[in-house]
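Pulled from TrEMBL, these are the features on record:
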- 4-186: domain 'Tr-type G' (DOMAIN)
- Asp16, His17, Gly18, Lys19, Ser20, Thr21, Asn133, Lys134, Ile135, Asp136: GTP binding site (BINDING)
Amino acid sequence: MDQKNIRNFSIIAHIDHGKSTLADRILEMTDTVEKREMKDQILDSMDLERERGITIKLNAVQLVYHAKDGQDYLFHLIDTPGHVDFTYEVSRSLAACDGAVLVVDAAQGVQAQTLANVYLALDNDLEILPVLNKIDLPSAQPDVVKQEIEDLIGLDCSDAVEISAKSGLNVDQVLEEIVKRLPAPKGNRNKPLQALVFDSLYDPYRGVIAFVSIKNGTVKKGDRIRFMATGAEYEVTEVGVRTPKEVVEEQLNTGDVGWISAAIKNIEDVRVGDTITKADEPADQPLEGYKEMQPMVYAGLYPVDNARYEDLKDALAKLKLNDASLQFEPETSQALGFGFRCGFLGLLHMDVIEERLEREYNLNLIATSPSVIYKVYRTDGTVEDVDNPAALPPAQNIDHIEEPYVRAEIMVPKEYVGAIMDLCQKKRGEYIDMQVLDDVRMNLVYEMPLSEIIFDFFDKMKSSTKGYASFDYSFSRYKRSNLVKMDILLNGQVIDALSIIVHKDFAYNRGNAMTIKLKELIPKQQFEIPVQAAIGGKVIARTNIKALRKNVLAKCYGGDISRKKKLLEKQKEGKKRMKMVGSVEIPQEAFMAVLSMDDEG
Ligand SMILES: Nc1nc2c(ncn2[C@@H]2O[C@H](COP(=O)(O)OP(=O)(O)OP(=O)(O)O)[C@@H](O)[C@H]2O)c(=O)[nH]1
């Protein structure tokens, strides 16, 4: 297809504003997917995405649109996630595009990630096409929201299409607008190849598959390619696109978004953000890559069965191909044995990675409670980064500790401003600023410790505003805080994987809450287990897990063997995610107790 008839675009939006639904309608209306294969949120291909109803991964698909001017246009549509944890995926997809369709829910208006995503699109010099969605809802106020987009973002909305992605109303106009208003790719097919790797995955049969946006030049089977960052060279075995099924093509040209397979067995050779060129006619310069994302949250991942350490290592390396923001390095824990310290962009990201490792690589894992990176200033003048509470030096060697703070922007209807201010205060937030957005909403700006944000801030914010608040945050700076390490002892023994770092003012409450929670979560065993929280050797809270009195089998009357077996199997099942630590068996939930405890009482 002629390059001027190509359109590469992303759909960007705040979570739940209807990106995936709009993508579904576009695929349907262009007959990209046959009716019988059509299912809701078709681009959310992972089971995990479908179950949770959220987009986690970006997804690229090629389709042909027959426009009203009689010409055919080739669209590459890249669906992107909306949750703040996955902004990295969004920025990668945007680098592969020339334009973006901005979907705004006409009932909810501009939200925090609407703005965050628009800024990312502007950073990538994309043309933005605003679209008002959900106009079928009785509460939709398209005119008010248009004004809001103009005021807050500065985009002209006079021609913005008003649609219902659900029913398909006016989606045809969006397709026409894409043709008219979004630009064609600018590259030159006669120049040396420059293909931006925006994603990759490991295929057990074909090796690493690189997803690319061809910015200049062409590539076909048999070409010798070079990854410019790593210098690795391979011979291309196949190229193609996704429709969303994988389709093999003769050649990928400038403006195409597709995949390259080259029997790449060495995972390290492929890096998302790298540029592929041809070995015999290389480009002078690589394309501008992506900013390395710094993980916000760290946690240990350990195989329940120690023998599967190597499998976990292998799985992490493969998963990293498909999720470049994941970081990991080996670590050991007295309690849990050999595992990995992993860095994530947020808790949802951590949850998703853990679940993908379990599902896609059949692993059984224990994750330790998440931590941010602390800067520890020792009395000897040295500074070290500590991302694992267990690794904190003894208190007498510490001069002071700094923790990461973020700038949080919270958009909230006026009647909830008080509730949000209360919440921010409780979470050690410091008020910075407040702006009036429109008649009904305010934007609150706080500086807050990241550690308070990552735990339950999001849920608490939603529940105290009936779901009406939205927020976005970015790292601001490190600040000195009065922090201490709290150890947890089970049966008199410190369990390193349960240690947490807390603010001194919260230590007693958290210590209490933590011991109570652990008592709830750790099943009774044959003997009584004291549970203690201690700071610097001084116990600040304690409780006991009483000894088990009855044997489960006692419940089975007579000799009903099948029932007995079932019960034992059930017990075994429940044990899967348990780890024997010393003489105590600890379930996965206990390691995450810090996330579920209520320490406000
Ligand atoms: N009434 C109405 N509901 C819609 C419309 N478009 C989408 N929805 C609903 O809004 C919800 C969210 O839609 P999605 O398409 O999954 O939203 P998304 O923006 O892709 O969300 P993420 O993928 O999680 O970022 C779903 O329950 C949709 O059925 C619409 O035009 N009208």
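Positions of Cβ are set from backbone N, Cα and C atoms, glycine also.
In TrEMBL, annotation is done automatically, which means it is predicted and not curated.
Looking only at other Cβ atoms within 10 Å, the busiest spot among the binding-site residues Ser20, Asn133 turns out to be Asn133. Of all the binding-site residues listed (Asp16, Gly18, Ile135), Asp16 has the fewest other CB atoms within 10 A of its CB.
Contact annotation for binding-site residues (Ser20, Asn133, Ile135) versus ligand 1: Ser20, Asn133, each with CB under 6 Å from a ligand atom. Across the domain 'Tr-type G' (4-186), the prediction's mean pLDDT works out to 85.
In the three-state DSSP scheme, Ser20 (GTP binding site) falls into the helix class. The secondary structure of Ile135 (GTP binding site), as reduced to three states from DSSP, is coil rather than helix or strand.
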